[in-house]
Amino acid sequence: MKISVVGTGYVGLVSGTCFAETGVNVACVDIDQKKIDNLNNGIIPIYEPGLEDIYKKNVEKGRLEFTTNLAESIKDADSVFIAVGTPPDEDGSADLKYVLGVAREIGKSMDHYLVVVTKSTVPVGTSMKVKQAISEELEKRGENIPFDVASNPEFLKEGSAVADFLKPDRIVIGTESKQAQKVMKRLYKPFLLNGHPILFMDITSSEMTKYAANSMLATKISFINDIANLCEIVGADVDNVRKGIGSDARIGNKFIYPGTGYGGSCFPKDVQALIRTADEHNYSLEILKAVESVNYRQKEVLFTKLNKRFNGDLKGKKFAMWGLAFKPKTDDMREAPSLVIIERLLNAGASVVAYDPVAMEEANRILGDKISYAKDEYEALIDADALILVTEWSEFRLPNFRVLEKLLNNKIIFDGRNIYDPEELEELGFEYYAIGRSKN
Ligand SMILES: NC(=O)c1ccc[n+]([C@@H]2O[C@H](COP(=O)([O-])OP(=O)(O)OC[C@H]3O[C@@H](n4cnc5c(N)ncnc54)[C@H](O)[C@@H]3O)[C@@H](O)[C@H]2O)c1
């Protein structure tokens, strides 16, 4: 089989590479010439565990290629996947200009039957807009080439994107066409040998499924953060509460870890976009509105604790920050809580020395010399007034506290992910502030 994947970001690059791994010939397309040049020269633009190996292998085998030429990429293809970005528009709704722009390009150049699959996260009704855009372009050309559209939302997680794509919990396909179903079944069969299902449904439900899934996950995070804040007030420990509720199979123990709020390229924009969709239909999604406002508040929690500890006098103080990415195992910093904390600290006249195992380059691109970058986690601590842990990379879990003690000006830790043991730190003489744990 042969496919084209348009958009070579986290989703497009991982999807294209993983499809190639099953023997499919894949052309990955992007408008960013530099990205394509890099990919043609062995340079991968993102960090994603396991990606480099299968990328190299499939390029060598001649099954994976990179181009800016969309028209060329869809010649002889069975299917084309649209995996470009859908950033929030000014009013929070998903901006569809990239998706519909690609649909028009497809309509301008397709010359045989194609299944056009929307993999980007798009609001209800978008696949029909994709269909219309292609039809309009074909009409302009006076052509009547058959095609089908399908919605195929992607559920991979940054940080484990390759593993998630190769062994998905489920594949969701929305399409009205039997022929499109057949093509999708064939393409996805190799990924479903683990027994997990391919769920065919109508397009509207498929588009809605992706937003409902991300909104549910964001809801779990805001829920536990809200409970964590109350735990602190009443003197409970949210980690005990989390274990207490998570052992109930109806609740489950995943995604109920308190922290500094959700970030990344998906949850914030998808929650916002679903609220907008509901608003446009004169329905108010009250729960999601609360999820969003709890999250805004949560991104401030660590700074508020720190500001209180230093009596509102942060001018001239220096803070070490461990972790910049919005979560471990990724270099993605979109909507990362670290950015909010850094902004508050800088506005208060403090300085920040940060270390992140993979997101330093990305941080430098966004923040430049507003902060300093350390070569390792210990260097960041030298003469700092406190350590702020924002991203729970595994290498931060068991640091040498004796070294911390020597390097820091004060034995103070603000732990935004509750990864340290309060009793151990108390015994070692550290002042320890965490999220939703008593004694904070
Ligand atoms: N990142 C995730 O974890 C994730 C997970 C599931 C779904 N999604 C969704 O998938 C979509 C893509 O997300 P991403 O994180 O991969 O985005 P990204 O920003 O990493 O990549 C998007 C790519 O599309 C390219 N592009 C834009 N317009 C183009 C055009 N006309 N032709 C060709 N290429 C074009 C950009 O240059 C960029 O390389 C979004 O809708 C997102 O919500 C993302």
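Placement of Cβ uses the backbone N, Cα and C atoms for every residue, glycine included.
Those TrEMBL annotations? Automatic predictions, nothing curated.
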#### Entry: substrate binding, same site as F155, L156, K157, E158, K210, F255, I256, Y257, P258, G259, G263 - TrEMBL member from K97, K318, K327
K327
### According to TrEMBL, which candidate in T118, T121, T304 joins D30, K35, T86, E158, K269, R334 at the NAD(+) site
T121
### Message
What whole-number Å value do you get for the CA-CA distance of E158 (NAD(+) binding site) and I256 (substrate binding site)?
### Response
18
### Task
Out of F155, K157, I256, G263, C266, point to the one nearest T86 (NAD(+) binding site) in space (Cα versus Cα); all of them are recorded positions in the record.
C266
### Task
Measuring Cα to Cα, tell me the gap between D30 (NAD(+) binding site) and G263 (substrate binding site) in whole angstrom.
25
### Query
Cβ distance under 8 Å to K210 (substrate binding site), same chain, sequence separation 6 or more: which residues?
T121, P153, E154, F155, V172, D270
#### Entry: From K35, I256, P258, R334: binding-site residues whose CA lies within 10 A of C266 (active site, nucleophile)
R334
### Task
Can you check which residues sit near K157 (substrate binding site), meaning Cβ under 8 Å from its Cβ, same chain, 6 or more apart in sequence, and list them in order?
D164
